[in-house]
Amino acid sequence: MNAITSAPAERLVRVPLGERAYDILIGPGLIARAGAEIATRLKGRKAAVITDENVAPIYLDALTASLKAAGIQSSSLVLPAGEKTKSFEHLMTVCDAVLTARIERNDAVIALGGGVIGDLSGFAAGIVRRGVRFVQVPTSLLSQVDSSVGGKTGINTHHGKNLVGVFHQPDLVLADTDVLNTLSQREFRAGYAEVAKYGLIDKPDFFAWLEANWQDVFSGGAARIEAIAASCQAKSDVVVADERENGPRALLNLGHTFGHALEAATAYDSRRLVHGEGVAIGMVLAHEFSSRLNLASPDDAKRVDAHLKTVGLPTRMGDIPGELPPAEVLMDAIAQDKKVKSGQLTFILTRGIGQSFVADDVPSSEVLSFLKEKHPQ
């Protein structure tokens, strides 16, 4: 990829899943146009908007006004913000709101928020009336480049993260890049971890481009739109090849096995660790573990660590505030990972930058020894 110098321009990424194909629109001003974009694609004229207490005061009125202008009747539900909202209790609250609004199969549930709202709303949309239409309006960088695309929905339980859910593809994704201007630096950095992930999976040129252009991505404009579009295209390619995560789609979990265990270890307390930060630490650990297994050069892990550290992300377990439980407890969380098959641990490892692969024969003893070595005791 070359340096981006042109003015911001809207981008469209098509996810070609046959009859369930959908568009991802990326650019400024999309919330104001949401009603028109939805009306041209969906037959229904009712929508239930699900959002949270942080997003609602900023964007809910603009979205509902846009829906009204397009002739779409809407209701809204405002939920508490944070990872703990991804629960059975709140899932039932969303389902009740959707049914109370008499949303039918051709009508839509609209997720206005970050990954938590998208995952929760998508789950409800997938099970109410055995499936209603679903529109994602992601308001964080992380949700724009990752969780809003691909149809994975779910909630957390005390057993772990995202262990209960369904696949339910959206009918449209509206990634309004203007909303990113209201994110805190911490939130934006957390989303950037998922952007970098796509380069580390199988696009080394993209990772190198990010190393050279990350400041322009952070400052906005054309480079930001280009990075989001490239990320969405990368995810679309993987989803189309393996929609149900039976094979190569597991690559999208690079850094997530370690990251999810760290999130569980912090009780999903966003004051200590948010998802993207867990992924950043997890990606560094995945590269270091690959080096430990003589699969990759230690220089690759150092390069990943250096870039993520440069943009301000945590890269070590010791960067997480407060005490962590022992390595054995982290190991228990890893054993609950949804990629575990027949009791065998499955990790996304790497042979170098952009050379990730699925390893389903990783010895538990090696993982535990590695965690003990990296644990900030």
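Sequential numbering from 1, following the chain as shown.
Glycine is treated like the rest: Cβ placed from N, Cα and C.
Around Ser140 (NAD(+) binding site), taking its Cβ as the centre, 29 other Cβ atoms fall within 10 Å, counting all chains. What Swiss-Prot lists as NAD(+) binding site is Gly115, Val116, Ile117, Gly118, Asp119, Thr139, Ser140, Lys152, Lys161, and the listing cites sequence analysis.
Look at Swiss-Prot and you will find Glu194, His256, His275 tagged as Zn(2+) binding site, backed by sequence analysis. Annotation note: Glu194 (Zn(2+) binding site) sits in a helical segment as assigned by DSSP.
Close to Ile117 (NAD(+) binding site), meaning Cα to Cα within 10 A, are none of the binding-site residues out of Glu194, His256, His275.
In the structure as shown, the Cβ atom of Gly115 (NAD(+) binding site) sits within 10 Å of 25 other Cβ atoms. Rounded to the nearest whole angstrom, the C-alpha distance between Asp119 (NAD(+) binding site) and His256 (Zn(2+) binding site) is 16. Non-local neighbourhood of Glu194 (Zn(2+) binding site): Leu141, Leu142, Val145, Asp146, Ser231, Gly276, Val279, each in the same chain, at least six residues away, with C-beta under 8 Å from its C-beta. Taking the mean position of the Cβ atoms of Glu194, His256, His275 as the Zn(2+) site, the remaining residues of that chain whose Cβ falls within 8 Å of it are Leu142, Asp146, Ala193, Lys197, Gly255, Gly259, Gly276, Gly278, Val279, Gly282. Residue pairs drawn from Gly115, Val116, Ile117, Gly118, Asp119, Thr139, Ser140, Lys152, Lys161, the listed NAD(+) binders, are separated by up to 21 Å at the Cα level. Rounded to a whole number, the distance between the Cα atoms of Ser140 (NAD(+) binding site) and His256 (Zn(2+) binding site) is 18 Å.
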